[in-house]
């Protein structure tokens with residue numbers, strides 16, 4: 001039997017598994033079965049806590065989408081990860097350092113119950129996103145058989161393109177998201193953000209996630225949207241991001257500086273399951 005915890009960050013929900021005290025391995029097929037909301041546990045991503053590979057770090061953090069693919073980063077998951085390792089007694093630290101497949105992160109448990117995550121320095125160089133373009137631009141043209149889209153592009157350890165929309169509530173997120181997530185200019189696929197700028201300190205956002213469709217919240221998507229908005233001169237240093245599942249606060253001092261994300265992490269229940 002495998003012990004697990006169900007958690008969510010603004011409705012972006014996770015199955016979190018302790019791979020430090022348990023010996024666990026998940027095949028893509030098992031993950032897809034567990035992610036099924038009718039026949040399994042149901043989740044957007046599976047988060048796996050592993051021992052650190054580096055003695056200077058506390059844990060290694062792995063993320064698997066509902067379709068069984070392993071991905072580089074998940075911001076909402078990082079907040080739940082921090083809350084999980086503290087709740088389970090795997091650490092007593094309030095500042096936790098972890099590695100992911102895309103780099104290192106610092107997670108900080110705040111006194112008010114929220115979690116602040118140092119998401120690292122955003123990547124704007126196209127080849128590192130990865131995105132096919134000759135040089136970094138504030139805005140790119142993405143052509144599809146149906147229409148051409150204007151977008152910004154950035155990586156928070158995973159690739160994002162961000163579209164400006166007048167009204168996020170009426171945006172064709174499912175249709176356009178499905179079209180762009182596998183666009184040929186993003187060799188590893190892309191998460192697609194739909195951003196409505198309310199003012200320089202406030203945006204509304206919906207995100208179509210690569211491998212998971214639209215979710216109630218996407219932490220890295222919120223970060224990428226603020227980066228793109230700031231690069232385009234539309235947003236300031238601290239931005240409130242309203243997602244369908246709730247609100248995140250993003251703070252970024254500009255290019256070359258790390259980005260900080262603050263938001264909630266909720267425990268739902270503990271369970272056990274036979275694979």
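From the backbone N, Cα and C atoms, a Cβ is placed for every residue, glycine too.
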Same substrate site as 12, 45, 65, 75, 76, 191, 209, 210, 219, 220 according to Swiss-Prot: which of 118, 158?
-> 158
For residue 191 (substrate binding site), just count the other CB atoms lying within 10 A of its CB, please.
-> 27
Far apart in sequence but close in space: which same-chain residues, 6 or more away, have a Cβ under 8 Å from residue 12 (substrate binding site)?
-> 44, 45, 76, 77, 215, 216, 217, 218, 219, 245
Which residues does residue 210 (substrate binding site) neighbour through Cβ under 8 Å, counting only same-chain ones at least six apart?
-> 65, 71, 158, 159, 181, 189, 190, 191
Counting other CB atoms within 10 A of each CB, which of the binding-site residues 76, 220 comes out lowest?
-> 220
